[in-house]
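For reference, the structure is listed below as structure tokens.
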Amino acid sequence: MMMVKLPGYEMLIHYLQQGLGEKQVFVPVSEEGKEGHVPLGSLNKVDLAQMTALTFQEKPLRNSIKSLFFPDTETYLTYRKEEGRMVMETPGEMMSQILVGAKACDLESLNLIDRVFLADPVDTLYAEKRAKTLILAAPCRQQGTYCRCESFGVDRINPAADVTMYQETADAAEPLYLKSLTPAGETFLEEMMKCGTEGEAVAVTEIPWQAVPPGEKPLSPQEVKDQMDTLFEHPLWEELAMRCLGCATCTYYCPTCHCYDIRDFSRQGQEAGERYRTWDSCMFTSFTNMAGGHNPRPHRKDRIQNRFFHKLNYFVKKQGPLACVGCGRCGDACPVGISMDTVLNRIGGDRHDA
Amino acid sequence: MTHNPLVPINGEVITILTESHDVKTFQVRPEVPMAHMPGQCAMLSLLGVGEALFSITSPPGRDYLEFSIKRVGKLTEALHQMEVGHQVGIRGPYGNHFPVEDLKGKRLLFIGGGIGLAPLRSLVQYTLDRREEYPDAFQLVYGSRSADDLLFRRDILNQWPEAPDFKVDLTVDVASSGWDGHVGFVPAYLEALAPSPENTIGITCGPPIMIKYVLQTLEKLGFKPNQIVTTLEYKMKCGVGKCGRCNLDEHYICKDGPVFYLSELEQIKCDFC
């Protein structure tokens with residue numbers, strides 16, 4: 001393990017900017033209320049104060065990090081006709097990535113997606129991005145006001161990353177401490193210091209950072225699953241369907257939702273084109289509507305029920321954990337205020353909501 | 001990095017048979033041979049048009065795969081425009097298969113409706129190819145909307161009735177001139193035929209509504225849930241249990257199915273059965 005103290009966030013950004021030709025670096029940015037990780041190289045100006053604030057805020061960014069590993073649109077095949085034969089080509093190797101300022105909840109969501117995408121047969125598009133991304137995470141000192149990470153067993157203090165970042169306060173002028181957690185993280189810090197980055201190696205004990213211990217007991221996936229089993233025929237789903245607009249915003253913001261569609265794009269009268277995958281949502285009728293007209297989930301009630309059952313019941317049965325990290329984005333973004341809590345409260349016996 | 005499972009290989013269409021006004025059977029020879037078992041499926045695609053999962057209707061052990069495809073949408077329309085020598089993208093095979101080991105020493109009752117005979121046909125032919133392992137009586141109850149919609153005529157009218165101890169019972173939903181066989185829906189015809197459940201496995205595939213009533217009828221005839229096998233169809237995109245759309249409870253039909261015993265389906269939160 002290696003520990004480094006830099007005079008400020010600026011030194012880290014300065015070092016990352018030097019290596020941009022070889023690596024893609026994603027940093028937290030908020031522009032007109034749109035929060036997410038964007039390529040450092042695409043910024044005209046680095047707003048250090050904002051970047052520091054976003055890195056060390058006690059909640060995740062509005063847009064999750066899943067798009068860095070599972071882009072909303074991704075071409076995996078290009079084709080063209082040559083001398084009557086279809087020639088197919090797959091994309092070349094990707095550039096390595098560095099992700100700065102990930103939160104523990106989002107990293108846990110990647111662990112959940114890993115269970116699906118890295119299972120046999122391995123999703124190579126996702127696996128390559130997982131393997132080639134170095135993650136610098138920032139722990140949360142306490143649980144955010146609208147966060148439920150503790151209920152979902154996320155260790156917000158010890159994110160599963162290559163390097164953890166600490167600052168005493170979220171001020172860009174404060175010293176920035178970096179602690180490696182993996183060999184790749186250690187190599188990163190070593191190289192950063194070798195390049196003459198202003199700063200010094202320090203002992204772990206020097207980090208002026210104290211976290212508030214978790215205050216909530218994690219939900220038992222088995223208990224939630226069992227409770228959901230009793231709710232399958234419940235009128236709750238019909239009630240939620242009356243409110244739900246079917247807009248799928250919840251699934252796009254959800255860091256664990258990983259459903260996708262496969263589509264073709266063609267040029268020149270179908271003689272050349274691309275096949276790509278793109279995020280899809282179980283909230284849409286077209287998700288399950290078959291050619292010929294049969295739809296196993298024709299009603300909004302069926303779809304909303306399936307969505308919550310997938311997160312709180314089916315995933316538990318197949319994989320073990322709940323398919324939710326308690327980030328709160330779905331409820332935050334939902335135009336009609338349906339959240340994970342809406343269902344969890346009902347499981348807990350509440351009758352006022354929905 | 002290993003091969004991306006979503007990338008197809010090329011296959012050549014070597015034969016096209018017209019089964020009915022809206023169904024054609026395509027023999028496809030993949031550029032790399034694909035070994036499958038009865039009940040499994042494969043993704044066929046036309047680059048620029050789309051990709052969909054189809055059950056493999058030919059038995060294993062041929063150097064081609066057969067797909068019987070009903071013209072119902074954009075992709076199937078384009079597939080129907082193909083000619084011999086054309087190329088299709090192909091990947092697979094996907095899913096589990098019919099429980100061929102469990103069927104040994106059993107009487108086999110096949111119940112099909114319309115294009116639903118396609119996956120059953122692979123199993124019928126597989127067991128006929130191995131009659132020493134499947135020596136007991138076979139019965140096929142098969143129906144379609146009209147006499148013109150009966151598929152695999154060479155099999156259901158000639159080859160299979162001529163096989164030893166193989167009874168074929170056909171029905172159509174709607175009578176027409178030239179049809180002197182049974183008229184009526186498959187579940188009702190099945191009930192009237194009343195095949196004995198003794199040492200028998202019933203295997204069914206057809207439109208969802210037919211499957212639903214066939215399952216009920218078989219139970220009424222005394223078949224136990226572990227004597228009833230069906231194969232299901234959902235919209236599928238990846239074929240490898242990741243894209244999320246074909247789930248039935250915690251199972252993905254493309255990977256954990258499409259073949260299920262009724263005893264398994266009874267444990268599942270099922271949308272239509």
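Note that Cβ sites are derived from N, Cα and C of the backbone, with glycine treated the same way.
Note: TrEMBL annotation is automatic and uncurated.
According to TrEMBL, the protein carries these features:
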type    : residues                               : note
BINDING : B:CYS238, B:CYS243, B:CYS246, B:CYS254 : [2Fe-2S] cluster binding site
DOMAIN  : B:6-100                                : domain 'FAD-binding FR-type'
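Taking the features listed in TrEMBL, we show where each one sits on the structure.
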residue: B:CYS238; record: [2Fe-2S] cluster binding site; CB count, 10 Å: 27
residue: B:CYS243; record: [2Fe-2S] cluster binding site; CB count, 10 Å: 24
residue: B:CYS246; record: [2Fe-2S] cluster binding site; CB count, 10 Å: 26
residue: B:CYS254; record: [2Fe-2S] cluster binding site; CB count, 10 Å: 27
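In sequence order, B:CYS238, B:CYS243 are the binding-site residues among B:CYS238, B:CYS243, B:CYS254 whose C-beta falls under 8 Å from a C-beta of chain A. The Cβ centroid of B:CYS238, B:CYS243, B:CYS246, B:CYS254 marks the [2Fe-2S] cluster site; residues of that chain outside this set whose Cβ lies within 8 Å of it are B:LEU53, B:MET236, B:LYS237, B:GLY239, B:VAL240, B:GLY241, B:LYS242, B:GLY244, B:ARG245, B:TYR252, B:ILE253, B:LYS255, given in sequence order. Under the three-state DSSP scheme, B:CYS238 ([2Fe-2S] cluster binding site) falls in the coil class.
The average pLDDT for the domain 'FAD-binding FR-type' (B:6-100) in the predicted structure is 96. Sorting the domain 'FAD-binding FR-type' (B:6-100) by DSSP state (H, G, I as helix; E, B as strand; all else coil) yields 8 helix, 44 strand, 43 coil.
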